[in-house]
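Below you'll find the structure, written out as structure tokens, and then a few comments.
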Amino acid sequence: MDGEFGKKGITIQRRTPPHGFEPGVKWRKRSNLGPVDWVCIAIFWACLLWQLITGFVLLGSTNYELSSPESDSICPSGYLYAPTHCSGANLPQSGSLPYPMWTNTGCVKEDLCQQLNTCIDDATTAWSDHPLFHRTLADKRNDEVSPTFWAVLGKYWYIPTVICLGVVVLAVLWLYALQLLVKPIIWSTLFLGVALLVGFWAFWYVEYGVNNWMLLVGAAIELVFMALCWRSINRAAEVISVASAGLKATPTVIGVSVLVEGLYVGYTVLWIVFVIATFNVKEVNEASCRLDEPGWVAASRWIYGPMFFIFTYVFLNIKTVVCAVGIGAWYFPDSDAPMVPAFKGLQWACTSSSGAIMFASLFVGIVRYVINRITDLMNWLPICLSPLTCLWSCIAGCLLSILEMFSKFMLIGQAFCGEAFCGSARRSFNVVKDRLGDAFITDSIGENVVTMSTYIFSLGLGIASWAWLDSAQDYQTLTAMPWYILIPVLLLYAYFISIPALTITLLAWLAPWFHVWTCGSDGVCSSDWQVDAQHSINSVTGALFIGAVCYCLFNFIGEIVLSTIDTIFFCFAIEYDNDIYQTRFKTQVYEVLREDCPDNMIPMDGGLSQPYSPKGDAATATTVTGSPQLVVSSNGGDINHLPAPSAPSMYNRPPPNAPANTTGSTPIPADQAMIGRPTTPR
């Protein structure tokens, strides 16, 4: 901090920290993009356009659909029922089956049907008769059972409506609880995690006789972590409380994030439609007259898998930038800020910050995809090697959490300073590196609370919808299961709702097949067991769909909360490194963090920290009048009056990890020194 001497007193100028971040978001004169940014922006738009162009080409190429036994027309409009229209003209009257058995439920377009007829007529081999070729369509009974869960949710529309309203109510109450009861929530969540680890160990040991000792090791490590880092955990709770207050004060952040989530939902719907379309593009194999899948279609489906992982992170990082700009504008108010800062963040995320977003998404998305594939392989290990799977899960989860943390802080820093990707990433790392432990604990504690809450809320609402669907259909599946079957079923249910995109895709694609497999290709549930089985399938699949949707909604709120927590932590670090404070945060922030400050002294307790002045205002320094004397208070309470310096003085605060000064020759200003008296009380 520089001190300039004049006739009227001493002017204390704001010190620029080594990382170069100034308080607040840089709204004007943001730097030009670097080559890495332009390359990543090109990759972003190339990947997005490839998915869209390939997807619409797939939709235009679809020529195969499953028959719909519950529909009077059997096949969709423009399709022909393959077993009766595409059998060729030269087959014997008994008919034959020139394609696999599963095509008995297939509908094809006219051009594909003509290709099948031509291939069959030109074939020189005799086809073996197949009784299914003479399929007769029976009149459907007027059963009350619905063919798919879509029909059930449409018939009992009030069930998903009430559940979705419950999501909104729980989300609002959750945000208030994170502000008012954050410490009880965090500590109960941590102890619940320990209890679950011990419970899973006991379940494996009692039911399967396997001593999965790594679960107990994990529980012990978590208990040791809670005992050693209780102060950091409480500090993380205080950061979460401030973040909840900031989110409450900036509803536009939630509004713009809803817009981003709407775009993500639209992308997910298109992705599901495109992936399903890859199964509906067929071509005739001239050698066997069978319907095969073109090679480019199979390759496209494999590419769509990692693309979804990457673009899930893209939309998550867009919300991170939106929250960083919106919350940053609230924490550091500036006259240059636009009316809706969060919307400005969305604009940057789609333009100048899209390169940084794509780089972080590619890096973390590919790492997560590889880790998930390795985890899938580890799950096939013999049950006696299950501790290795637990150890790998812990290591992989820790590695992924660190990568995600650094990528989020890099994006927050880039949103604040507006520099090119490489420069902002380096500066953001310099902010976090001296606070790595606190940053990791804050991020992991926040993620733990959000993840556990999302699981509990989604699982609870999903099970409630399951029981409600049973009651509406007057058939019990949930309450009829014994406990030793119910527990594994609920664990499997919790797993499927935790991967909502895959679950919704499978449900949308397999719903007609479930009905065909249960009631036959004619769609008639002619026996009591078929009716009961269809009721059960409707309840389970409907509850899975509702639970997956609830998980998406709660996960959306959780992502906003996590991004806000990281932004508040970043603001704390910048505020501390720039030796400033804001009077409006004395009660809301500083008093809350007093116990975590050195000697329990908050910034306005008489140190060299000065009030925050927005970059858009004229005031950039604090002028102190009176006799320029340096007043140093010793430990014994005596006061030493030193002569006023005759030249400008310079004080640089040591970094947070520097060793304390034990000689007493250079007192720490925030704790021991005060230059003159300010004209107005701080």
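We count from 1, first residue shown onward.
The backbone N, Cα and C atoms fix where each Cβ goes, and this holds for glycine too.
According to TrEMBL, the feature region 'Disordered' maps to 1-23 (among others).
The feature region 'Disordered' is assigned by TrEMBL to 635-682 (among others).
Long-range Cβ contacts of the transmembrane segment (36-59) within its own chain (Cβ-Cβ under 8 Å, at least 6 residues beyond either end) map to 270-271, 273-274, 277-278, 281, 297, 300, 304, 307, 310-311, 314, 352, 354-359, 362, 420-422. Sequence annotations record features per position, and here TrEMBL assigns transmembrane segment to 36-59 (among others).
Among the features that TrEMBL reports, transmembrane segment is placed at 156-178 (among others).
The annotation transmembrane segment is assigned in TrEMBL to 185-206 (among others).
The transmembrane segment annotation in TrEMBL covers 264-281 (among others).
Beyond the transmembrane segment (302-332), the same-chain residues lying 6 or more positions past its ends with a Cβ under 8 Å from any Cβ of the stretch are 23-25, 44, 47-48, 51, 243, 246-247, 249-250, 252-253, 256-257, 260-261, 263-264, 267, 271, 274-275, 278, 341-342, 344-346, 348-350, 353, 357-358, 360-362, 364-366, 368-369, 407-408, 411-412, 414-416, 501, 559-560, 563-564, 566-568, 570-571, 612, 614. Residues annotated as transmembrane segment in TrEMBL: 302-332 (among others).
Here TrEMBL flags 352-371 (among others) as transmembrane segment.
The transmembrane segment annotation in TrEMBL covers 383-403 (among others).
The transmembrane segment feature in TrEMBL is assigned to 449-469 (among others). Cβ atoms under 8 Å from those of the transmembrane segment (449-469) belong to residues 152, 156, 159-160, 163, 166-167, 170, 174, 178, 185-186, 189, 192-193, 240, 477-479, 490, 493-494, 497-498, 538-540, 542-544, 546-547, 550-551, 554-555, 558-559, 561-562 of the same chain, restricted to positions at least 6 beyond its ends.
Annotation source TrEMBL lists transmembrane segment at 481-511 (among others).
What TrEMBL records for 537-557 (among others) is transmembrane segment.
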Between the transmembrane segment (264-281) and the transmembrane segment (481-511), are there at least three Cβ pairs closer than 8 Å, leaving out pairs fewer than 6 positions apart?
yes
Sequence-remote contacts (6 or more beyond its ends) of the transmembrane segment (537-557), Cβ cut-off under 8 Å?
145-146, 148-149, 152-153, 159-160, 163-164, 167, 170-171, 174-175, 257, 261, 265, 453-454, 457-459, 461-463, 465-466, 469-470, 473, 475, 477-478, 493, 496-498, 500, 503-504, 507, 511, 514-515, 518
Contact set, same chain, for the transmembrane segment (481-511): CB under 8 Å, 6 or more residues outside the stretch:
148-150, 203, 268, 271-272, 275-276, 279, 308, 312, 455, 458-459, 462-463, 541, 543-545, 547-552, 555
